[in-house]
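Notes for the one structure printed next.
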């Protein structure tokens, strides 16, 4: 299947996409992860992206598109789930045309629905290991007891005072994608509240419905 998963920060997109890859073989394509990996490996695209980031500039949309295109091609244009892309109607239109040119249209777009108060709690309870980058959650995935607590920190964008701004940006820039895909009969709303396995069960039900 060819899928997109999107929703506000804290909706659990990455967690659920990872489970789909682990249990159903649907490869998670996270443009953020791809970008970081490309820079770490110093690929041509990665070096270009790093030059913008080092200069304090946003990575151009065309460069992100190139990364997404290569990742999709690497998967043979099938059995993938995009996480973090597209973010705008313009990106969605490009993706539609790109997939159509390969006769591999999307099968569905999972839209994660979570109330703001739940999002704020999820995000404000996330922690990261300062040295390894390993992420944890104080409620359902706390750091092991043998980890130095002084190295467990909160990301600046997960601090309560910045979370609302992130949600506002999401609504302004990304939420309109729901309309774009709803008009194309691809949107599948998913209740993202509850435990990880509970939400995953709803996603599996949604995928079963798409396959029928």
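Cβ coordinates come from backbone N, Cα and C, glycine included.
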Inset, instruction - Out of 76, 194, which one does Swiss-Prot list together with 10, 11, 12, 13, 14, 15, 126, 135, 136 for ATP? - result: 194
Legend entry - Range among 30-59, 90-119 that Swiss-Prot annotates as region 'NMP': 30-59
Legend entry - Where Swiss-Prot places region 'LID' among the ranges 125-158, 159-192: 125-158
Legend entry - For the region 'NMP' (30-59), residues assigned helix / strand / coil by DSSP: 21 helix, 1 strand, 8 coil
Inset, instruction - Report, as numbers and ranges, every residue of the chain located at least six residues beyond the region 'LID' (125-158) whose Cβ falls under 8 Å of a Cβ in that stretch; write 'none' if there are none. - result: 166, 195-196
Legend entry - Reduced DSSP assignment, residue 126 (ATP binding site): strand
Legend entry - DSSP-derived structure type at residue 136 (ATP binding site), helix or strand or else coil: strand
Legend entry - Assigned element (helix, strand, coil) containing residue 155 (AMP binding site), judged by DSSP: coil
Inset, instruction - Could you work out which of the binding-site residues (87, 126, 155) has its C-beta surrounded by the smallest number of other C-beta atoms within 10 A? - result: 155
